[in-house]
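Annotated domain 'Carrier' per Swiss-Prot: 4-79, in sequence order, evidence recorded as sequence analysis. Positions annotated as O-(pantetheine 4'-phosphoryl)serine by Swiss-Prot: 39.
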């Protein structure tokens with residue numbers, strides 16, 4: 001799966017979960033300060049991403065992820081591990 005494809009899927013999830021326009025969900029947008037996500041929103045985002053990509057994001061990793069770019073990198077690393 002390509003970087004852009006992952007980004008677009010995550011962008012859709014974030015926009016839908018937070019009820020915001022897809023255009024403001026950029027790679028560098030911070031979930032809390034830029035997109036207005038609270039801690040419950042973040043948990044729901046992680047769960048939706050885990051379900052969409054059939055991966056598990058451990059809590060300690062989820063706490064470090066603050067924007068879409070970091071999510072995309074994490075998903076790519078997980079998918080590469082699975083396919084190897």
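Each Cβ is built from the backbone N, Cα and C atoms, and glycine gets one as well.
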In the domain 'Carrier' (4-79), how many residues does DSSP put in helix, strand and coil?
49 helix, 2 strand, 25 coil
The domain 'Carrier' (4-79) [mean pLDDT, rounded to integer]:
96
